[in-house]
Amino acid sequence: MKYMGLNDIRESYLSFFEKKEHLRLPSFSLIPKNDKSLLLINAGMAPLKPYFTGLQTPPKTRVTTCQKCIRTGDIENIGKTSRHGTFFEMLGNFSFGDYFKEEVISWAWEYITEVLKFPKDRIYITIYLDDDEAFKIWTEKAGVDPSRIFRFGKEDNFWEHGSGPCGPCSEMHFDRREKPDLIKTREKFIELQDKDEVIEFWNLVFTQFDKDEDGNYNKLKNPNIDTGMGLERIATIMQNTDSIFEIDTIREVLDAVCKICNVKYGENHKNDVSLRIITDHIRSVTFMISDGILPSNEGRGYVLRRLLRRAARHGKTLGIEKTFLCGLCDVVIKNSKGAYKELEEKQDYIKNVIEIEEKRFDETLDSGMEILKNYIDELSLENKKVMSGEKAFRLYDTYGFPVELTQEILEEKGIEIDMNDFHSEMEKQKNRARDAREESNYMGKEIKLIDKLPESVTTKFVGYNSTSTDSKVEVLIKDDEFVSTINEGESGIVVTEETPFYAEMGGQIGDKGIIFGKNGEAKVVDCKNNISGKIIHIVQVVKGSIEKNENVTLEVNYKKRKDICKNHTATHMLQAALKKVVGSHINQSGSYVDNERLRFDFTHFTALTDEEILKVEAMVNDEIMAAYDVKTDIMSVDEAKKTGAMALFDEKYGNRVRVVSVGDFSRELCGGTHVNNSGEIGLFKIISESGVAAGIRRIEAITGKEAVRYTEENDNLIRNIEQELKCSKKDILNKINQYHSELKEKEKEINILKGKLASGFEENILSSVKEVSGVKYVASEVKGISGDTLRELCDKVRNKIDDGMVLLASKDGEKVQFVAMASKNAVKKGVHCGKVIKEVASMCGGNGGGRPDMAQAGGKDGEKLETALKEVGNIMEKLVK
């Protein structure tokens, strides 16, 4: 067994199974497609579920992949051990009703012993208790010594999760001991497994049963094979190391971290944990961003933010003061670009996203850490070991601290978070709630009836050239059951042999319209694809009934379709204009097209200037006025790329693609509907440009009559402003600037008067100074001033009383503003403005806090202000030492 690099192992595995007539598929995106049960792809078979369930037809019955995966279930332990990571690659070979146990076992043995040349006396096999068939193949076909095969129960060697496809599995294990002797008993085998001296490296799943709701195991007509071998795990064996962080490609990343922070790996346990966390997380972060995931406060974007900020925080603990993670991703990309070409194609984009997020975290880290330190000090003073969830949520919501990061920091101090309280706060902000999980079985989410349409059902789209056609009803579904009739007043699903209705896809909404037959009429409220691409019409029967097998006429709402076409073609032209005006780095990140407007999300890191927006808009309108023919051509993907056609990075295209061209101005791969000539769009108007995430901008625009209406409304608004300001259009800005100048002068005069008013309060306030245990304090209401003036007055009074605390309050209707300040000596004696003001504000229905020497707060119930101010003395007595 010779040393083998990680990249070489990957290639040898995939090449081996290509020779066994497997189709090598590229890794699927980390973002699951049509599977809400998963946040991120976490297993090699996960993207292949539709093939295993029969919902989609695989491109070949034999497939092999190396799938990028992410698991974050035990993220808090990542770095503490040297064996686990959040990012990993899973090698797999799969059969969809083709070969079964004999072939997969024989090939697994051949690859391990003849290609990788594992010593046979270090290999052990586990099988399911009564899987005699697998035992026979291992011993008779592969020639494995029966004493090296152990049988285990369902917990270890049977793959199932709820109902659905399942089956026994067989695992291959490697004995890592320096001088291995034959393991003779199951007990000894388990003992060595627990010590990680015997490790599992390949799992062969024989999916031969379908478990029903009653728990019965029914034999599948066409059994499948699902295998998984962790690339990093097999690399540790081939490179004779116990740690994934010692593997060639990963060690190179770790060494780069060491170089940045000038720390040597292996000399200090705490430093080693931080080094491993950064090394692991930058790999996950790089691949996630490459697949289109961006930092956010929900879903997979939250996972990314959590990983990125955890890595950045551990960089600080190693003494790294500058942003550094974007540089590390260069090392990740260098080592992985051979297998994942998209990494190099998007390298600048990935680095920009990382740098922006790291800088944002850097900006809030110091203030957030200061707040957290205050919380920890408060808990220490009160001798408490549990921090409220409300405080943890504030750090999360205001300072971008993932709660797990706060937990990690607090754990070092022996403090916990009240997570029930935290989740309660999270629930209050539903717009930031995590993605809800759906109940799922082994193959993912519960399969809906629309995804179980018989293979004989075909739906042909004929809507590129027509908005009306006659066809036959193939399937009717109502209340998730196949039916023969849908009656007036009922809703359901209609599937026909042919349809002119475009099904929602690629950002374009589904068509609306009507379906009518001899006995009734149905309104089509939406049109979608099921998981296998069959077109389904979601309908409401408004007259009579629609029956299965009857001939019907399908008519798309022509006006809505035409407006959708205008907006879709305009979206293509917008992207082309953005690339020309802003830069070639612009790529589509998302889009939405309906009959009223269009929305286009694209990769860019700063807001567009007014000049850029005007240039883009003018360019699109120039091309509209040029009245180019819009052409569509069908060609191979390679041919399309040679023409310069734009495509989405994460989209999987078939062998033949549809290319839509607007003259020579725009050329894109697209399956949507478009105008025949750019002149049909009429007018294009950008109505907004904004940021939606780090590195993602959004343009919203309108076309045709909507754009004309919008322009007319703006003209009317300008006319009204002219009348109000009594000036012409060209003088509006001058008039507004004049009013601004006058307003500023008035504000200056008001502030001078407020200052004089505040000075008049000083004497009254100073006359009411009291004392607690040698510390002076004053709590007073002042009328008619607020904001900066109130703070300035508080500061003056504090300086006048020399050694003490001042709390001032001002009412505006029922609202109350509080400011408190204390001298250094008063703080040393126990005064804490943040604690004082928090209690006082809470009595007035408000909240707030701050530092020991300065704090601010607000209240909602002004009637209770007098009572609250009287309590300041009692609060001071509790604090002063």
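Note that Cβ sites are derived from N, Cα and C of the backbone, with glycine treated the same way.
The shown structure was predicted, so the numbers you read here are calculated from the model rather than taken from an experiment.
For H568, H572, C670, H674, the entry in Swiss-Prot reads Zn(2+) binding site, with the evidence type sequence analysis. In the three-state DSSP reading, H568 (Zn(2+) binding site) counts as helix. Sequence-distant neighbours of H568 (Zn(2+) binding site) (same chain, 6+ residues apart, CB-CB distance under 8 A): Q508, V593, L598, C670, G672, T673, H674.
Cβ proximity to the Zn(2+) site centre (mean Cβ of H568, H572, C670, H674, cutoff 8 Å) flags the following additional same-chain residues: C565, T569, T571, V630, V660, E668, G672, T673. C670 (Zn(2+) binding site): 24 other CB atoms within 10 A of its CB, across all protein chains. Residue environment of H674 (Zn(2+) binding site) contains 26 other Cβ atoms, counted within 10 Å of its Cβ in all protein chains. The Cβ of H572 (Zn(2+) binding site) has 26 other Cβ atoms within 10 Å, all protein chains considered.
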